[in-house]
Amino acid sequence: MSDLPGIVVTGASGRMGQMLMKTVLASGRARLVGAVERPGSDWVGRDAGAAMGGAAIGVTVTDDPLAAFAQAQAVIDFTAPEATVQFAELAAQARAVHVIGTTGLEPAHLERLAWAAHHAVIVRAGNMSLGVNLLTRLTQKVAEALDEDWDIEVVEAHHRMKVDAPSGTALMLGEAAARGRGVDLAQARVSGRDGITGPRAPGSIGFSAIRGGDIVGEHDVIFAAAGERITLRHVATDRAIFARGALKAALWGQDRRPGQYDMMDVLGL
């Protein structure tokens, strides 16, 4: 067992953090060697297994990420932008693969990730599931095949606690559509219409976000023309798909050179 890659999970007390830890523990392909929480969390100092309501697993939750990363081969991180860029710098110091599922990253955050990627492997994706990444590739292909007579809209739905919109996955799909069209998403993007908006701008890519209940994640890419419509759809019903994808990325990154990668690289798409 000791020759299996050691994994640290950040944001251990959150829903994704707990799912990630359970996935690593059940995988048989990696070891959970660390769990990180913010200072002041009531999880700090507790056994991670016991904190999740199960048996002790011999991993104590810590608020010292560098010490945890130093004993790991990979860090899996679904937290918040400011925390993620700090973790990226520390993971680079430890030369640990950093798998990032955090969304809502701004250009300034991405600049710091680019620096960290000079020293360590970073795998970052708005969505870690196989199905969504296949949807992304299909979206680009369909956008390549259809002209501007086909309007493109991305509609996403998530649980009421999600704090950013559009979702990272929706933006990933929008980027794929923009690549297919050969345009810059920043110029084509229209988010959340309200009031008197006037006619739809030709070539624009629209985004709409729904928040409610416990929706895990739903994404539709709509290609609409006069008299016909194509809808590409992915529905997530279990967060385990993201955890399994993140673990796959952490294992894949073990043999790679420092740099930035995404799930398309991991899946060979």
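Placed from the backbone N, Cα and C atoms, the Cβ positions cover glycine too.
Because the structure is a prediction, the values reported are computed rather than measured.
The active site, proton donor/acceptor annotation in Swiss-Prot covers HIS158. Under the heading active site, proton donor, Swiss-Prot lists LYS162, citing sequence analysis as support. What Swiss-Prot records for GLY11, ALA12, SER13, GLY14, ARG15, MET16, GLU37, GLY101, THR102, THR103, ALA125, GLY126, ASN127, MET128 is NAD(+) binding site. Per Swiss-Prot, NADP(+) binding site is recorded for ARG38, and the stated evidence type is sequence analysis. Here Swiss-Prot flags HIS159, GLY168, THR169 as (S)-2,3,4,5-tetrahydrodipicolinate binding site.
The structure, with features from Swiss-Prot marked on it.
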| residue | record | Cβ neighbours (10 Å) |
| --- | --- | --- |
| GLY11 | NAD(+) binding site | 25 |
| SER13 | NAD(+) binding site | 19 |
| ARG15 | NAD(+) binding site | 13 |
| GLU37 | NAD(+) binding site | 25 |
| ARG38 | NADP(+) binding site | 16 |
| ALA125 | NAD(+) binding site | 27 |
| HIS158 | active site, proton donor/acceptor | 25 |
| HIS159 | (S)-2,3,4,5-tetrahydrodipicolinate binding site | 13 |
| LYS162 | active site, proton donor | 17 |
| THR169 | (S)-2,3,4,5-tetrahydrodipicolinate binding site | 27 |
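For the recorded positions HIS158, HIS159, GLY168, THR169, a Cα-Cα cutoff of 10 angstroms around ALA125 (NAD(+) binding site) retains GLY168, THR169.
Take the mean position of the Cβ atoms of HIS159, GLY168, THR169, the recorded (S)-2,3,4,5-tetrahydrodipicolinate site; other residues of that chain with a Cβ within 8 Å of it are THR103, GLY126, ASN127, GLU156, HIS158, LYS162, SER167, ALA170, GLY217. Largest CA to CA distance in the NAD(+) binding set (GLY11, ALA12, SER13, GLY14, ARG15, MET16, GLU37, GLY101, THR102, THR103, ALA125, GLY126, ASN127, MET128): 22 Å, whole number.
The DSSP secondary structure for ASN127 (NAD(+) binding site) is coil. Under a cutoff of 8 A between CB atoms, and with a sequence separation of 6+ in the same chain, the neighbours of ASN127 (NAD(+) binding site) are GLY101, ASN133, GLY168, THR169, MET172, GLY217, PHE242, GLY245, MET263. Separation of the C-alpha atoms of SER13 (NAD(+) binding site) and ARG38 (NADP(+) binding site): 10 Å, rounded to the nearest whole number. Around the Cβ of THR102 (NAD(+) binding site), the number of neighbouring Cβ atoms within 10 Å comes to 25.
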